[in-house]
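Here the structure comes first, spelled out in structure tokens, and everything after it is commentary.
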Amino acid sequence: MAKQIEFDEKARRALERGVDKLADAVKVTLGPRGRHVVLAKAFGGPTVTNDGVTIARDIDLEDPFENLGAQLVKSVATKTNDVAGDGTTTATVLAQALVRGGLKNVAAGANPIAVGSGIAKAADAVSEALLAAATPVSGEQAIAQVATVSSRDEEIGEMVGKALTTVGKDGVVTVEESSTLQTELVVTEGVQFDKGYLSPYFITDTDTQEAVLEDAFVLLHREKISSLPDLLPLLEKIAEAGKPVLIVAEDVEGEALSTLVVNSIRKTLKAVAVKAPFFGDRRKAFLDDLAVVTAGTVVNPDLGITLREAGIDVLGKARRVVVTKDETTIIDGAGTAEDIAARAAQLRREIEATDSDWDREKLEERLAKLAGGVAVIKVGAATETALKERKYRVEDAVSAAKAAVDEGIVPGGGTALVQAATKLVELRDSLSGDEAVGVEVVRKALEAPLFWIASNAGLDGAVVVSKVAEGKEGFNAATLSYGDLLTDGVVDPVKVTRSAVVNAASVARMVLTTESAVVDKPAEEAEDHSHHGHAH
């Protein structure tokens with residue numbers, strides 16, 4: 001395949017155009033008065049959303065060089081979403097401002113490596129300043145405030161606050177679509193563990209990249225499953241019953257895994273295979289926990305139960321199973337409350353009896369998984385489009401609330417970043433040459449989120465930024481007033497804001513230090529040249 005290459009300033013400017021196109025589409029959604037973006041879908045109606053990462057994921061540009069820039073910023077949004085679950089629009093706006101400011105200086109002759117180094121030092125300093133300024137979050141009301149800001153909806157905020165308070169810090173909150181118009185909170189028995197699907201072919205929902213099984217069987221196996229003849233008899237019985245199955249084993253590999261994948265692709269049997277978490281005795285004990293939760297039996301050759309001879313009776317059951325690339329959640333297992341309570345009591349006795357802190361910690365982790373339960377927020381709306389949009393907002397709110405419990409909160413609405421920018425003056429003055437230029441680029445870029453929040457609310461962004469930079473008060477875009485944002489409940493989780501700054505800085509440095517860009521030559525062009533030979 002022939003390639004096209006651009007060098008130096010031309011390559012960097014093409015990347016910048018791509019960054020700008022994606023960021024301009026995303027930044028209109030920033031703030032409580034941000035607008036919506038409509039995304040056309042290949043199937044079904046359009047998606048209306050104000051979620052940065054959803055918009056970013058949907059954008060591919062025609063010009064291959066510009067597309068490289070767009071993909072780099074997309075990675076900022078995705079990475080921030082993976083770490084903190086929210087703040088994707090802020091990260092995108094910061095990345096755009098950093099790229100723009102950095103390239104302006106590089107074009108004027110600054111050394112890109114030194115500017116990049118200054119940007120990295122400034123990002124670390126901002127990260128530390130935000131952590132130092134954080135206010136810890138505890139209590140339902142404080143969590144609800146964070147979720148309300150993220151989702152722009154008080155009802156959702158209160159629900160998320162209640163959900164997280166009910167299941168605790170280590171508990172699980174999942175978001176489902178409801179068949180009614182109401183959005184409601186249901187706390188059910190459930191377990192989550194940190195292992196995801198063994199093959200992406202098991203995914204059933206391509207939007208969320210999840211495998212979702214409704215009313216499923218659960219097969220628990222003590223050892224590896226690799227032989228197809230061992231697994232086939234049981235698979236046939238499961239297929240006859242017409243239900244999906246979750247397989248949890250030490251590992252599933254070889255022809256057993258490929259058969260499950262082929263059946264999933266052909267839709268003859270809905271199955272998902274995951275590895276059991278932990279190692280050694282802890283893995284065995286956790287499989288026994290799952291057996292209690294799902295009312296199943298662990299297939300264990302040591303006890304005379306082999307996979308080849310196992311019948312439907314060894315399988316556990318669950319109302320719903322959700323598997324992502326990193327974790328598996330089993331909701332409403334068929335185990336009785338008495339059995340689960342007895343198992344939890346046994347774990348508590350073991351916790352009291354153990355002398356080892358490490359064992360105690362691991363047993364408490366198992367107890368939290370077993371007894372913590374799962375809070376399910378069922379999202380309802382009048383139309384499919386409204387339902388999707390609301391579901392995105394609820395998912396963001398849950399992520400933001402969890403992030404707030406982790407690292408605390410700072411004043412929201414871009415104010416914390418403008419306040420952190422004042423801390424960079426000292427750092428800038430302590431550095432010399434182009435490193436100081438890099439710090440100044442970050443200092444200016446930190447004003448961008450507040451600038452666009454104010455602009456989207458119909459005000460002059462520059463005026464609002466200078467007013468917030470002068471005083472102690474922040475800008476509340478929902479009420480168009482200035483005040484103490486922590487008291488008003490306009491707050492952002494530190495984890496979200498920090499991730500946005502660090503990820504944006506990392507991509508900006510990449511763009512600044514790019515000297516050439518290589519892309520595939522479009523097919524038609526290549527063909528045209530081959531036909532015309534040497535004709536000039």
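Every residue number used here counts from 1 along the chain in the order it is shown.
Using N, Cα and C of the backbone, Cβ positions are placed for all residues, glycine too.
Listed in Swiss-Prot:
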BINDING   THR29, LEU30, GLY31, PRO32, ASP86, GLY87, THR88, THR89, THR90, GLY413, ASN476, ALA477, ALA478, ASP492  ATP binding site
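Everything Swiss-Prot records as a feature, shown here on the structure.
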residue: THR29; record: ATP binding site; Cβ within 10 Å: 21
residue: GLY31; record: ATP binding site; Cβ within 10 Å: 26
residue: ASP86; record: ATP binding site; Cβ within 10 Å: 35
residue: THR88; record: ATP binding site; Cβ within 10 Å: 30
residue: THR90; record: ATP binding site; Cβ within 10 Å: 29
residue: ASN476; record: ATP binding site; Cβ within 10 Å: 22
residue: ALA478; record: ATP binding site; Cβ within 10 Å: 15
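ASP86 (ATP binding site) falls within neither a helix nor a strand when secondary structure is assigned with DSSP, and so counts as coil.
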